[in-house]
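Feature annotations, courtesy of TrEMBL:
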DOMAIN    174-273  domain 'Copper resistance protein D'
TRANSMEM  12-29  transmembrane segment
TRANSMEM  41-65  transmembrane segment
TRANSMEM  85-104  transmembrane segment
TRANSMEM  111-130  transmembrane segment
TRANSMEM  142-166  transmembrane segment
TRANSMEM  178-198  transmembrane segment
TRANSMEM  218-239  transmembrane segment
TRANSMEM  260-277  transmembrane segment
TRANSMEM  311-333  transmembrane segment
TRANSMEM  340-359  transmembrane segment
Amino acid sequence: MIIYLISELLLYLSFAILAGTFIIAIVPNEKKPTISIHKRWLQLSILGIVLFSAMPVVQIVEYLYQGVGLSLTLTNVINNFEVGRAWTLILILSIFYYLLISVFPVQQKKSYAVLALVFLFILILAVGWASHAASLTEWSGFAFHTTHFTAVSVWIGVLFIVSWFSKDTKNWNALLKWYSPLAIVCFILTMISGFYMMSLVVDLTDYTNSWLLDYGQALLIKHLFIIPLLVFAFFNGMWMKRRLNQNPQFNPKPWVRGESLLLLFIFSATAFLGQSSPPHEIESTIKTNGVSALFQFFYGGTVAGVSQVQFSLTTFSFVFMLLAAIFLALLIYSFRKKAPAIFAFFMSFLSVLSIYLSFMTSF
């Protein structure tokens, strides 16, 4: 399972790198710092899309090939399964996409950068076609998955490119003037589409019950990391403008990198969701797969069903929630008092851990 989880995480990163690169490429030079990203990164990202998007096909073939034969099973999956057809389309598109990026100056000419973004969006459509959400509904699952994937790729892609591939910090305030509104729009779209896709697999009244399963654990951890992420996003936007006006020599990149690392944790949780069994029926899933090892560790006893477990406030949960509030306060304090970015990142992680422990000790 680990290899499939890592492949899904790298698939998201591949899309984000391409989206961020080409959006930055169409922005005027006076509204962005100097960006230096080698063409090899873009080529590797396209190859990554081909390789990592093939993992669902590999999973199905691995499950079905015994007794049938590898060649026949592979042919059957590619020709008759939606995920196989979608990957074939991704492969064909990626060949042309690779040639476009290798032959033409896609980072220097805006017209080629726009064309590269069009190619990328078509690839996102192909990924959405093969998604789990698309298989649950006729059109809405596909539409919301595509919206979610596009918004996340744009939001995180620009942040990732600017934080790790910028050579200087000039024009940073000009960058924030267009990126901050874009990030807000992407965040809203991500929340709306993510909420809808979650409702397809988890009844909202069963949200806490889903924590008994691996899927619910990953969902909870993903949601918890959004809390410090919003703090980072606020300070990297509003606060950073004021800080740069006061001190033009201030280097914002460590703080933006901290935000990008938090997003990497969210990507990791999302990748785990993609490899876990969705809890359409929690009781039956528990009987089939058992409860999450993480939940079992904190609960201690044997769990036969959802009705046996009750969520309630305990002394431990109160203490951990108090610790979470302290760590979040220290996170905000670190921004205001100009502490090192690594301290803020560490406080973010501890706040998430404390909230998580508060919830897990409430059963």
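Backbone N, Cα and C atoms are what each Cβ position is placed from, and that goes for glycine too.
With Cβ pairs under 8 Å as the measure, the transmembrane segment (218-239) is packed most heavily against 340-359, out of 85-104, 111-130, 142-166, 340-359. Here the transmembrane segment (142-166) has Cβ contacts under 8 Å with residues 12-13, 15-21, 23-24, 32-37, 120-121, 124-125, 127-129, 131, 133-134, 175, 179, 182-183, 185-187, 189-190, 192-194, 196-197, 253, 256-257, 259-260, 263, 267 of the same chain, all six or more residues outside its ends.
Shown for the domain 'Copper resistance protein D' (174-273): DSSP residue counts in helix, strand and coil, namely 89 helix, 0 strand, 11 coil. Contacts between the transmembrane segment (311-333) and the transmembrane segment (260-277): absent, as fewer than 3 C-beta pairs lie under 8 angstroms at sequence separation of six or more. Distant neighbours of the transmembrane segment (178-198): 27, 31, 133, 140-141, 144-145, 147-148, 150-152, 154-155, 158-159, 162, 204, 219, 233, 237-238; these residues of the same chain sit at least 6 beyond its ends, with a Cβ under 8 Å from one of its Cβ atoms. For the transmembrane segment (260-277), same-chain residues at least 6 beyond its ends with a Cβ under 8 Å from one of its own Cβ atoms are 1, 4-6, 8-9, 12-13, 132, 156, 159-160, 163-164, 213-215, 218-219, 221-222, 225-226, 228-229, 232, 285, 289, 345, 348. Below 8 angstroms of C-beta separation, residues 35, 37, 41-42, 44-46, 48-49, 52, 106-108, 110, 113-114, 116-117, 120, 123-124, 127, 149, 152-154, 156-162, 171, 178, 267, 270-271 of the same chain, each at least six residues beyond the ends of the transmembrane segment (12-29), sit close to that stretch. If you count C-beta pairs under 8 angstroms between the transmembrane segment (85-104) and each of 41-65, 111-130, 340-359, the highest count goes to 111-130. Within the same chain, residues 11, 15, 18-19, 22-23, 25-26, 49, 53, 56, 82-83, 85-87, 89-90, 93-94, 96-97, 100-101, 104-105, 142-143, 145-146, 149-150, 153 sit at least 6 positions outside the transmembrane segment (111-130) and bring their C-beta atoms closer than 8 Å to a C-beta of that stretch. Same-chain neighbours of the transmembrane segment (41-65): 3-4, 7-8, 10-11, 13-15, 17-18, 21, 73-74, 76-78, 81, 83-84, 86-87, 90-91, 94, 97-98, 101-102, 106, 123, 127, 130, counting only residues six or more beyond its ends whose CB sits under 8 Å from a CB of the stretch.
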